[in-house]
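To start, the structure itself, in structure tokens.
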């Protein structure tokens, strides 16, 4: 795509694939609203008081139908919004079109190049001369990273006059980040400092982004307050688990139509995501083998009847490989060479470095046959045998299907709304330092309770006597902080 | 589409949506071949002797990637093939294109009108002046029906000079059938008689078609031998059950992206198809309610923890309704009016009369909003509340997704190949009368055994002593005919 | 036990372990009645007309609480009853006591020797000078066998004057059978002939007994009509499947308290019994491996995510071995030697020859340590490593627990009542020849329908139009004979 | 039982039901050792250094076979041990006999009266003139309670000369506690002070006991350090969950033989215990309904396909009721009156006040029919309809079956051993204050890893690079403290 910003008739900026899909997007957004009771309840509760009046929110989070409902919840509460996706394949173009046309400045399309991806990220952070956003919704931490790297480079430049050198890294993506920063430094040497000054805080969506935040907190380099939405129970124990249980087989089916029953599937990692993936593969009739580094999670897998082995043990007999670790170098090209013909290799973790895509792409003589977008067969010259890689090693549920379904994302995103409200409300109170916070349990419970009615559930009420007996308030919260659910 | 037959450069007829998708179809056919060991083994075993040399085979069966592998197995064994789909939405256009270009005369595309559908059926039966096919592969019995109705009309015409009157029926589809027959009668008053004379027999794929055949056998009107492939164990206990377990959630997800977990789902009928549907919905986290007329199947549902109720009991609280009965008038428009907003209504039985589509379409003031092809929201004027109907009431797994996966279709289609071989081999022997037959158990077992290696299974061998003890041959068959698996 | 018959004050014969348990048995019988709606409905429907008036029924079937409800249903319908168990470990002594005291002549206790077992069988067949029973309820066919062997020996004796020679067999159990027959021959050389003359027919409960009957039918040696109750759908697809799903883990837990989760379990045979066993082991968290000779059943196992291998592949790594084949020599002592220390070996098939108990017992230097009755640890001298054998290789669910639960046995036994009624009603009509019959489908459906109300189920009713459309009567039967459920 | 202490020939005190069961107990202990790799590894690792040399350990924890292996691990590490059970029905008499004969002073039998129960507790705390134990292993906190109440009464007595008045409470059990303390006060007014002085700390096993400890910590009344073993992941997420998944159906089957399939079961509470119970009931074919006060747990239940309702909604149609809440007054006698005939009511939570046993026992005209020990039918006079109550409302898995299986208890008890070692090692260091502690994560992971080999699992090892990437040590711990598993 030509990287030139478009404008709506009303003057709002955007860059999307195909504005004619806006009507289709709108229809699916309307369906999703019925499935997202937490977000709709937030609109009903907070809409009238317009708490985000005056707030600029930038989001870097998969631009899907569900995210569209989140964005329009933020705008319904008074915010102005700019948005990009946090993955090159995860945008649903009809969702992007509908939001770009109706509600917010969107820079996102399915199948961005890395260059385009970071251009979109920068666009979503650029609120014009007045600086950056007031609030950040991040997923994986790329927007947060760009600001932190920008500030770091500006400081170095101020001290030493030295511009960042893209050639200093052999990581293709970081090369782009440094280039972007270098280019802005020349014209606006305080751009990221100004951004940081204005920024009230970030709410981070996912395990990987949270890990980065805690590392920065530990190093003392975190530049603004952060709310860890991922570790709300109603996020990580729902979206990560039940979302993946839904969307992993969805992605497999849409990409390959493969029969899961009877197959041997290897799930790398048995955290929340791995648990969801293993559950759905098992239920679909696969024989599931888990790899783990953590003996506790390994023992959990065993208790569910899953075998725990290493990749080496099963590399040549398994049919489906799914990485969920959040770590890197899980499946290397040397492993892929040993696999059965047409073994399926995919990743549902946040980043694409779980699978050694670089090793595969640069393997001498390897042949790539694109069956359809996001489904490639890679054939090794020695064996003339191929493997099938989904979404080029990126999040396969978003690359090959439509990600998690609305209902579970309503849980996650209601946490996002609450986190954003909290940061904004306390912007001047000093309540939040440059640290990582989780939402209090009563808000977590509130998110859950907003989703019960839709499913026809009725809660039991404690009597005063019973509440006293177990030492909790009648209205909750009901569990100690360390409770694991 | 304009109903004009196209021709390949080699002169073979076809009518498909988009010939440019042939390469894509070929790539997916190649993937499917790896998943269809039974068909590939048939090619290896029978290909060299070309048993179908000289045979003309017409097929009326969903023109999917899997069917493409079946067709090319038939041609690999020497047959000439003409093909149409047996459902207006079930064709995969890239599969049709690849076969039309490379292997057989195909008349099929996704989204045919009924008029187009029957045109395609007629085309597939038309082998030119020499009459019709030698063999028929049928699914649901429409090709068989056309021939039987044609012969009946020709006999009536011969006796009475009376042409069939399309106006005599208010069934829209039968109206078209009568029109086709009437038109051919004028020019070729023995067309269907000639077809019947030539026809060695039919092998029928599905429960609904088999039911029709047994009715004709009972009435003494069956015109040629029929092999009931559906009731091979390796068909009905695999394709119907495990195929639907796979493709029902696939269709739901592709059509609606709805979260199945937490929802209340009603499955109408607990036969093989219903069992597969209920299993996958339950495993995905739905609460499943079954309706049944048969107390035995009802008791089976109860033993699996499913509730058995009537539609009336649950119509206003369920989220997803799936018909699998093979019967008609299961969900009427009066029921749909009582449903929750955005309740999903779909059918996975062979015919579309399980759901009262006519009642819905003609309901005064009803509004149809097409979200995307095969996903419609119908809004009732009284309540402004809508329901979502998939694939216009037709087979949702084929209309909204890609049908059953290759592996399980390999079981079904290997039975088809064996049935066709058997009919052709015995064409002159008189072994098969104008009756319905099932394949002998040793062939059923053979089909299964061809699929074990792919899944890494190893069978145990009986000793002579053990075989004698249970009175079976060492090599099988291992079970009495009445065994239920 | 001293083999002397006891008598109640009313003069009815019996031999049970402990008459003081009769009250306890009565309490459990009363609980079971609530769980056995089919039998209670039979009492209500047929009790008033006393159809069994004058009929003598002998039963050879596990003398459990559930069987007690069956017996008292037969007596409530007017029959006189004598009963023995069909397995040395399957009697529940409190059930036997209650029935012996209150309702019928019982000869059964838990832990019979083989000698005692056959004495009980003979006692139950001995109705005094007037000959044997009018009707037989058999399970596994031992009573039927005794009569057939008796008749055979009497014929030989009549022709040749030769008595049967127990020394002619090295089968310990058949040795006893021949001895019994020899002894009666001396005093009553027409005993079994008279028995056969009087006998109207037998209804057989289980797969193994049915197999024997079909063999006799094939050989032309069957002496009286037989109804195959096992192959009623409401028997084999319920009792065999759901009964074993319940009672296999029950037996494992009571015998060994072993944690099933995390273990590797091997199920030999994937018929109805094997399917039930595999399902419950999998659900309890075991990793289940199936062995099969039949490729169809093997493929079913694979579709459920189970691995299919041979015993050799897994003998040294599995924790639990369960035979369900109905065949013999499944686990030999040479296999047991290779097993892990404390591997559990058990059988849930009808006969104890699936496990090579003779080989184990006679293994040089093997040591048997009885943990508790029916739970033995056998230690091999070479390795000092042991295996745990349940119920001495006999039906572990009846030997180590209480067999199948009442509800599912109500289905099976209602079929028995119906079969007995049918045989008795048609005793003079010639309807039943010396062949094996199954009950008609409408009776099978009736049995199911009698069990729905208890579980709160509601059936849907066909309209006339719908019934015609699928060509069935509104009231059923709903399926063709070949339908597999 | 007469409350007179017995002595072994070696002079060790005990009081058990039947010393002749010691051999049987020993055999089962030997089987259990093979299933308890964590405890056996502890013996191997720590046995040689005798770390508990000189330590007196009192335990109040179900005196089962598994606990026997724990006790003998403590003695193998050098400790002297006195033990009682923490539930009147949970002792396995053969385990108690074996330990009493061979290893430790045991005061426990199945079916204690409350009077006897507290006598046993007092005996286990009485180490003679030198004061009480050095260390306490507690389960539910009764031993801890007795010491705390004793100290409180002694302080009051010292200040006011006032003895505690048992009549001051209408709680039957607390009446006994006060009586015991009053009686000791007269003769030994500093008994509990001395006990407290000596006591190094307690390790508490279960949710209920831990709740009490945190309450005391909050009130500032905790008298000694406590380690919360329950909240080790390898305890609460294993024993509570997988243990109950195993032992709930075991208890139901042994007590009632009821068929679970097809039944409606209500599980009160969806914490770890409730999750385990619901899972096994669902898998056995029941339709499971959950009641919850906590919206998060309620939403988890819904995601698994379970219905969430209140007791009122289902009281008259459910078949099985299981309380798991840790709260009181869950099922009242007024509820029980509305239940179906022979509905089963049971509790698997720690205390018996979840079910209103007092209300039931004192209901006018109610009739109790003991089917067998721990299985009672209670008949209401108005309806002549009964319910079946298991284990008199106490822990049904221990009252009616044998509790959790060895393997999962090995996880729990290895945590106990580690906690006791830690307390003892740090007895003089001041590391532990009068607070509640959990074990550090690396020990939790160690417990898990000790249990992997037995199940044939292989862990994957992190590379240095990977460990750095996710910021964990190669050897673990692998997760942040807040991780929920």
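Including glycine, each Cβ sits where the backbone N, Cα and C put it.
Just so it is clear, the model here is predicted, and its values are computed rather than measured.
What TrEMBL says about this one:
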type	residues	note
BINDING	A:64, A:139, A:205, A:235, A:239	substrate binding site
BINDING	A:206-208, A:271-276, A:292, A:348-350, A:397, A:404	NAD(+) binding site
DOMAIN	A:240-403	domain 'S-adenosyl-L-homocysteine hydrolase NAD binding'
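Largest Cα-to-Cα span within the substrate-binding set A:64, A:139, A:205, A:235, A:239: 17 Å. Over all protein chains present, the Cβ of residue A:274 (NAD(+) binding site) has 29 other Cβ atoms lying within 10 Å. Look at the binding-site residues A:235, A:350, A:404 and count other Cβ atoms within 10 Å of each Cβ; A:350 has the fewest.
The binding-site residues near residue A:239 (substrate binding site), taking a 10 angstroms Cα-Cα threshold over the set A:208, A:274, A:348, A:350, A:404, are A:404.
When each of the binding-site residues A:64, A:206, A:208 is scored by how many other Cβ atoms sit within 10 Å of its Cβ, A:208 comes out lowest.
Mean pLDDT for the domain 'S-adenosyl-L-homocysteine hydrolase NAD binding' (A:240-403) in this predicted model: 97. The binding-site residues near residue A:235 (substrate binding site), taking a 10 angstroms Cα-Cα threshold over the set A:206, A:208, A:274, A:348, A:404, are A:206.
Taking a C-beta cut-off of under 8 angstroms and a sequence separation of 6 or more, residue A:276 (NAD(+) binding site) has the following same-chain neighbours: A:240, A:241, A:242, A:243, A:244, A:245, A:246, A:248. Take the CB of residue A:272 (NAD(+) binding site) and look out to 10 A: across all protein chains shown you find 24 other CB atoms. Rounded to a whole value, the Cα-Cα separation of residue A:208 (NAD(+) binding site) and residue A:139 (substrate binding site) is 8 Å.
A coil conformation is recorded for residue A:404 (NAD(+) binding site) in the three-state DSSP classification, outside any helix or strand. When the binding-site residues A:272, A:274, A:348, A:350, A:404 are compared by Cα distance to residue A:205 (substrate binding site), the shortest distance belongs to A:350. Fewest other C-beta atoms within 10 Å: among the binding-site residues A:139, A:205, that description fits A:139. The Cα of residue A:139 (substrate binding site) lies closest to that of A:206, out of the binding-site residues A:206, A:274, A:348, A:350, A:404.
Rounded to the nearest whole angstrom, the C-alpha distance between residue A:64 (substrate binding site) and residue A:348 (NAD(+) binding site) is 16. Classification of residue A:64 (substrate binding site) by DSSP places it in coil, neither helical nor stranded. Other Cβ atoms within 10 Å of the Cβ of residue A:239 (substrate binding site) number 27 in total over all chains.
According to DSSP, residue A:276 (NAD(+) binding site) sits within a helical segment.
According to its DSSP assignment, residue A:139 (substrate binding site) is coil. Cβ neighbours within 10 Å of residue A:348 (NAD(+) binding site), excluding its own Cβ and spanning all shown chains: 30.
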